[in-house]
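Undergrad: One structure follows; several queries about it will come next.
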Amino acid sequence: MATRSLGVVISDDEPGYDLDLFCIPHHYAEDLEKVFIPHGLIMDRTERLARDVMKEMGGHHIVALCVLKGGYKFFADLLDYIKALNRNSDGSIPMTVDFIRLKSYCNDQSTGDIKVIGGDDLSTLTGKNVLIVEDIIDTGKTMQTLLSLVKEHNPKMVKVASLLVKRTPRSVGYKPDFVGFEIPDKFVVGYALDYNEYFRDLNHVCVISETGKAKYKA
């Protein structure tokens, strides 16, 4: 692993970790290939991202916008770290939260047909520093759609934090402002990332097996 502006870069030949080295729910034992990013590493990286966010955005009211459903764990943990920094700083700022749901996946493919559910009234974003928190950037089309929607409400600033960015030839070239990990073009689950709503209850980010894909296929 190496570190650069795109976060912790996980190489294409990263072997991951054997499942039996971690506590994995028994009902998923045959459905995963390996643990890709252990929970502890996720938390340590998230703590640093919180500091980076406050450094760039901490001078004005922040509205943290969570992209559901996959982003909720990263959102909650990132905000916990941000709140800790905020309450221990002489220059603390107010922070509010909002939620939006986007749907673009069926099975393991981004459909390109992006549905926005919720977020009908985002007028509260006007004049605010908006931090959009997402679980994963795949092609980037979903985030481009959301950014267009958010910018209609004239926020003062918009930044995007994504736990994961996938290296894929399908990418439109969009890169978020804050990145936890840059990963190979593999379908990952866990830490609230799902495959047809399954695997959100895993603590670690894992690579799904072909058995798992077949079992939970829509």
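Yeah, the Cβs are placed from backbone N, Cα and C, and that goes for glycine too.
As listed in Swiss-Prot for this protein:
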BINDING   Lys69, 134-142, Lys166, 186-188, Asp194  GMP binding site
BINDING   Asp194  Mg(2+) binding site
CROSSLNK  Lys115  SUMO1 cross-link
CROSSLNK  Lys115  SUMO2 cross-link
MOD_RES   Ala2  N-acetylalanine
MOD_RES   Lys103  N6-acetyllysine
Undergrad: I'd like to know which of the binding-site residues Lys69, Lys166 has the most other Cβ atoms within 10 Å of its Cβ.
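TA: Answer returned by the neighbour count: Lys166.
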Undergrad: Out of Asp135, Asp194, which has the highest number of nearby Cβ atoms, where nearby means within 10 Å of its Cβ, if these are the binding-site residues?
TA: Asp135
Undergrad: Over all shown protein chains, what is the count of other CB atoms within 10 A of the CB belonging to Ile137 (GMP binding site)?
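TA: Here the count is 23.
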Undergrad: Can you check what DSSP calls Lys141 (GMP binding site), collapsed to helix, strand or coil?
TA: helix
Undergrad: Name the secondary structure element type, per DSSP in three states, that contains Asp135 (GMP binding site).
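TA: Going by the DSSP assignment, Asp135 (GMP binding site) falls within a strand, counted as strand.
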